[in-house]
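The Cu cation binding site feature in TrEMBL is assigned to 165, 171, 254. Annotated disulfide bond per TrEMBL: 165-171, in sequence order. Marked as domain 'Thioredoxin' by TrEMBL: 127-288.
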């Protein structure tokens with residue numbers, strides 16, 4: 001555990017438009033419903049939705065969605081989303097999330113412990129090499145809940161990104177390096193090494209947005225999870241790493257942190273540099 005010398009120390013600039021910071025500013029209408037069908041070819045979901053107050057009675061409709069959505073959701077999924085007007089006058093769904101009460105309860109319990117752990121660090125302190133990485137529960141790019149049990153006895157790499165980051169030397173480069181490290185680890189036979197990328201923009205980065213992002217980088221395999229979820233939980237992880245994370249109007253300015261955690265959840269390597277070397281992390285992972 002170390003003390004941050006300055007709130008802006010080591011700031012690596014990255015600013016990006018963030019157009020959905022406040023619920024009241026969001027376009028469209030809130031929708032709750034159940035997926036009745038998935039049209040992969042037509043990139044659409046058939047949804048039986050509840051009444052939309054002051055706008056529409058309950059009914060079953062076909063909605064255009066994103067390519068990531070038709071990969072993420074299946075028949076029977078309960079969802080919440082925003083219903084917006086399409087260009088041709090129809091409707092489409094954006095910001096779709098799966099509703100799972102049991103998973104939500106698990107996330108609340110785990111992330112309550114996360115908040116307590118981070119609060120105990122004290123103001124200005126952050127997790128350093130040798131410290132235990134706290135447990136957390138978020139949602140991955142497949143819409144599934146990622147809980148601490150997934151990583152019991154497994155080492156993992158973890159970093160922070162967001163999909164709309166356009167600074168080539170920040171999130172895009174970091175994601176490319178994580179993908180390279182995943183490939184090298186497989187070639188070296190490190191089958192139990194897991195990879196986690198935590199979004200810095202959970203309001204925009206829904207599971208399907210993260211899935212589309214992962215696909216764009218050619219990232220495959222069950223051992224690489226891009227995770228999102230409740231803002232409070234994400235912010236606790238950000239705080240634990242002492243990341244700069246400033247939302248000013250429509251911008252996000254942030255720094256970086258990349259860590260390797262061993263099988264006992266101890267941080268064995270930490271870098272805040274843009275120029276972190278996958279080979280160095282690979283060597284450290286092989287030594288575990």
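For all residues, glycine too, the Cβ spot is worked out from N, Cα and C.
Any TrEMBL annotation is an automated prediction that lacks curation.
Since we're looking at a predicted model, the values are computed, not measured.
Note on the binding-site residues 165, 171, 254: the fewest other CB atoms within 10 A surround the CB of 165.
Secondary structure at residue 165 (Cu cation binding site), taken from DSSP and collapsed to helix, strand or coil, is coil.
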